[in-house]
């Protein structure tokens, strides 16, 4: 099929605003945020009246910060080479504000600086605050934004707006998530809070609802009558790198499963919303979260990688990583089975797995359909045609796309049947570069669209599900490490499926 060279209606341009990044010297700013801002500028999405201010503790001049961000764009943007004209149009609107997150003077001077930016650059008083800091600072920053009148409490259609983006984790359990929400409620407006899960900004994830609800082919069989089980897998070849301090406080369940994987599960299983709006989609996602049955201890496997070889390179075990306790009991792999107690999904097992130091980097969803109920292809009538399950594979990364596997007769044979695949890939079908997740999410926030952001109700419902499991884990000492770096997974994760007569899909 020919490439599609003409795209549909373009996304709207963003209104003027000033974006303040707290923790602007961190990896997220360099690897994700500024490459996204550069690409949005290149595509004409950002207003010429957009300004970005980095807020961090390290002493740094405007010029130093700009040069560091230019290097970051060069290193991490999906654009092949930096376009000097695009960079120059953005560069003079980038500033650095050196201050401590806990000191009042830093916020007072920030307020004065933003007022001068409004006057000079025409940002119209619109403000986007981005918390790209460790979660320990969230509440302190939120309180200071309110205390120093940096956040507007009354926001109407004709008034300037202020919005807050929070990066996960949104607490480390139900209690801390509730404490964070109490701080938000006491200081700012919940409708102005955008909890970012970058998985929701990925094109294939956004496409899940379209695949389901715009195609009778899929939605008509999207239920327990036709689906045998579902697998959602996140495999990472990397270890924890320099994130030892963070990962020791989180682990894989908190870092990946409680948020990213649960969002994928909700989109995959929710009922059709009454309308395609942020509020209605969130309503259906919350219904799903509340219908997930309590997770049994025997249906969860946790693991931690030991030393091994990944893609031909010898690597250390988790306990030998930088800033990691040499006796750490933190999990780097989780597999679990859960059930949704509603008419559509009753009895269908959902298997989720996420792990580090696995053979390769991939994230996908596999919908495994039941085998045909017709008796035409049984072993007596057709000894050479054992049927495979039909599969729908939604690839989220890399090679974003969708593949459908089904059974077909082999040409030139009598009754030989083999599985074949139809494969759609974004990069080969659409003549365009798939936008990075942060490009879409930053624009949506500036435009005031909360559809792809996580609500407080979703966060709390997810923690209600996983906090009891974390409590159980705290009382049991696992035997770690229990899988070799570069292997597929711990043995117990294979047994989780094999005792049900199933197996993880190979990749």
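A Cβ is built for glycine as well, from the same backbone N, Cα and C atoms used for every other residue.
Predicted, not measured: the structure shown is a model, and the values here were computed from it.
Site annotation (Swiss-Prot, ligand substrate) includes 198, 202, 236, 255; from 346, 356, 360, the additional listed residue is 356.
Cα distances from residue 202 (substrate binding site) to the recorded positions 57, 168, 260 are smallest for 260. Residue 168 (NADP(+) binding site) sits 18 Å from residue 356 (substrate binding site), counting Cα to Cα.
Listed in sequence order, 236, 238, 239, 240, 252, 305, 318, 332, 333 are the same-chain residues six or more apart from residue 356 (substrate binding site) with CB atoms under 8 A from its CB.
Between the C-alpha atoms of residue 255 (substrate binding site) and residue 57 (NADP(+) binding site), the distance comes to 26 Å. Between the candidate binding-site residues, 57, 168, 198, 202, the densest Cβ environment within 10 Å is the one around 202. Non-local contacts of residue 260 (active site, proton acceptor) by the CB criterion (under 8 A, 6+ apart in sequence, same chain) comprise 197, 199, 234, 354.
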